[in-house]
Amino acid sequence: MSNADQLKKAAAEAALQYVEDDMIVGVGTGSTANHFIDLLAGMKARIEGTVASSEVSAERLRKHGIPVMDLNSAGQLPLYVDGADEATEHLHLIKGGGGALTREKIVAAASEKFVCIADESKLVGMLGAFPLPVEVIPMARSFVAREILKMGGQPELRQGFTTDNGNLILDIHNLHIANPVELEGQLNQIAGVVTVGIFARRPADVLILSGKDGVRTLR
Ligand code: 5RP
């Protein structure tokens, strides 16, 4: 396993302490979340089930024999564990590098505790070096892109990619996100935007960061 992978696994391992007996656990998407899924398999008999934030994660969970439930029948979740593309010490995040931001935001919103797992390279002083994913309704693609240009961002269509919800992703370059809460709200107001990859209005509650000196937790 590569060094980067070992760090992701260490963060995922530290998140297991938040999993309690009989829980329905919200499960994220991406390579760090994949480690969490694989580790969760070792304690699958103790949990009631999971709600997945993507089809890809649902498939991986099922392959392990972990029950995957519909959020509508699961109700409020006690815990959601997922990775991030960038995170600040205020626990504001950029997510959606894997294109699963809409379901991730829904599961995060429906969860009492959102534990974000990442290696330390994801910790930044200010969000925005990672191109911000925005999920858009296909017919609004050009309109949303023009609105974002007016705001100073450089939108780029993610080529050959359709989300689990049948929509498109614009990755926005050159944004310096000094006020993530405000920008999340502004982008959300553009007609045709489904979800903005800034997770600031509902930030993580716990950020587990793994580095060469071990694992640390920010709250
Ligand atoms: C997927 C996400 C992922 O959490 C994010 O892209 C981080 O992925 P990885 O753990 O592979 O670095 O938001 O939509």
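Every residue, even glycine, has its Cβ placed from backbone N, Cα and C.
Of the residues proposed, Lys122, Lys150, Lys212, the one TrEMBL records at the same substrate site as Thr29, Gly30, Ser31, Thr32, Asp82, Gly83, Ala84, Asp85, Lys95, Gly96, Gly97, Gly98 is Lys122.
Note: the Cα of Ser31 (substrate binding site) and the Cα of Glu104 (active site, proton acceptor) are spaced 14 Å from each other. Each residue contributes its Cα atom, and for Asp82 (substrate binding site) and Glu104 (active site, proton acceptor) these two points are 8 Å apart. For Glu104 (active site, proton acceptor), the same-chain residues that are 6 or more apart in sequence and have a Cβ closer than 8 Å to its Cβ are Gly28, Thr29, Ser53, Ser54, Asp82, Lys95, Gly96, Phe199. For the recorded substrate site, residues Thr29, Gly30, Ser31, Thr32, Asp82, Gly83, Ala84, Asp85, Lys95, Gly96, Gly97, Gly98, Lys122 set the reference point as the centre of their Cβ atoms, and the other residues of that chain within 8 Å of it by Cβ are Gly28, Ala33, Ala118.
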